[in-house]
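According to Swiss-Prot, the protein has these features:
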- His118, Tyr122: heme binding site (BINDING)
- 1-8: topological domain 'Cytoplasmic' (TOPO_DOM)
- 30-135: topological domain 'Periplasmic' (TOPO_DOM)
- 9-29: transmembrane segment (TRANSMEM)
Amino acid sequence: MLLLRWKRFWFLSLGILLFSGVVSLMLFNLSESISFFYLPSDVARVVASNREIKVGGIIKAIKKSKDGVRFLLSDGAAEIEVLYEGILPSLVQDGINVVVVARFEGGLLLAKRVLVKHDERYYPPEDFIKSVRGE
């Protein structure tokens, strides 16, 4: 009888240990794949130089220059200037929500990618811009 209790105890303990190990591995892998983005008002206090981050906000004042495209990214509380060397997606214009993957250097975000934020519904480009602006 005592031997049966010890076997049951060790079997249950091993099961709990195995289950907690699997759950721990799942949570660890999930935490690596989740990607958050910062708001422009958070960038200055949380970002170290030369570290790649994601920053989300609303585009304001797009200007084309010889070194790329410059625009302001705003969250309503703060604005930060972004430099993107490349061709912007066709949906990018003033008032559109975007997420940029960039490095922060000297008060300027050097963008590697610009992603347009949208929901799961498909809109032709003209209708998308109208829906974002509330027309």
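Each residue, glycine too, has its Cβ placed from N, Cα and C.
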Mean of the pLDDT scores, which run from 0 to 100, over the topological domain 'Periplasmic' (30-135): 81
Distal contacts, the topological domain 'Cytoplasmic' (1-8) - CB-CB under 8 A, six or more residues away: none
Tally of DSSP helical, extended and coil residues in the topological domain 'Periplasmic' (30-135): 20 helix, 46 strand, 40 coil
